[in-house]
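Asker: To start, I am sharing the structure in question, which I have written as C-alpha cells.
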C-alpha cells in the first residue's frame with residue numbers, strides 16, 4: 001500500500017498509463033489511483049460517454065479517425081487537471097498531438113508480454129475493433145510492432161510477464177515510478 005507521504009513525491013503530477021490493449025491499464029489504473037488517493041479516469045470510457053455509444057459502434061459507424069479525434073479531445077480536457085491517474089487507449093500514442101498532452105504528466109508504459117495480452121484477449125473476444133480480422137493474432141502482432149517505438153517514449157517502462165493481482169502490479173508500477181523520481185524529480189511540466 002502506498003503511503004500518503006510517498007504519493008506526495010509526485011508533486012501533483014498526473015500519471016498516464018499507456019500500452020497495448022489488454023495490458024491492464026484500466027484495472028491497474030483504478031488500483032493505483034485508489035492507493036495514491038487520486039481520481040481515476042479511463043479515456044476509452046470517457047470517449048464512450050461523449051459519443052453516447054460503444055467504441056465498437058464508433059469504429060463501425062464513423063471510423064477509426066473519428067474515434068481518434070474524440071480520444072484527443074478527451075485527453076486534451078484531462079491534461080488540464082493535476083493529481084489524476086489516467087488509463088489511455090492503446091493507440092493514443094500514435095498522434096503527435098496527444099504526446100503534447102501526455103507530457104503534462106508522467107507516462108508509464110505497461111509493457112505486457114505478447115502471450116499474456118493474447119491470453120487476455122481470448123477471454124474477451126469481439127470487444128476490440130482493430131482485431132476483427134480473419135487472423136486476430138497476426139493483427140495484434142502488427143499493432144504491437146507498429147506501436148512499440150511510440151510506447152518506448154514513456155517516462156517509465158514496467159515489464160509485465162505474468163498475471164499478478166492489481167495490488168501487486170500497482171506496487172510494481174509505484175516502485176518503477178519512484179526509481180524514475182529519484183533519477184529525475186517531476187517539475188510539474
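Each residue's number is its place along the chain shown, starting with 1.
Positions of Cβ are set from backbone N, Cα and C atoms, glycine also.
Predicted, not measured: the structure shown is a model, and the values here were computed from it.
Pulled these features from Swiss-Prot for this protein:
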type    : residues                    : note
BINDING : 22, 23, 24, 25, 26, 27, 128 : ATP binding site
BINDING : 26                          : Mg(2+) binding site
BINDING : 44, 68, 90, 147             : substrate binding site
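Could you give the neighbours, burial and distances for every feature on this list?
Answerer: Packing around residue 27 (ATP binding site) is summarised by its Cβ count: 16 other Cβ atoms lie within 10 angstroms of its Cβ, all protein chains included. Under the DSSP three-state reduction, residue 27 (ATP binding site) is assigned to helix.
Residue 26 (ATP binding site) counts 18 other C-beta atoms within 10 Å of its own C-beta, drawing on all protein chains shown.
Around the Cβ of residue 90 (substrate binding site), the same chain contributes 18, 19, 20, 21, 23, 143, 147, each under 8 angstroms and 6 or more positions distant in sequence.
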Asker: Determine, to the nearest whole angstrom, how far the Cα atom of residue 27 (ATP binding site) is from the Cα atom of residue 68 (substrate binding site).
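Answerer: Rounded to the nearest whole number, the Cα-Cα distance is 22 Å.
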Asker: Which one of these binding-site residues has the most other Cβ atoms within 10 Å of its own Cβ: 25, 68, 147?
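Answerer: Output for this query is 25.
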Asker: Please report how many Å separate the Cα atom of residue 25 (ATP binding site) from that of residue 44 (substrate binding site), as a whole number.
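Answerer: Rounded to a whole number, the Cα-Cα distance is 11 Å.
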Asker: Could you state the whole-number distance in Å separating the C-alpha atoms of residue 68 (substrate binding site) and residue 26 (ATP binding site)?
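Answerer: Distance between the two Cα atoms comes out at 18 Å.
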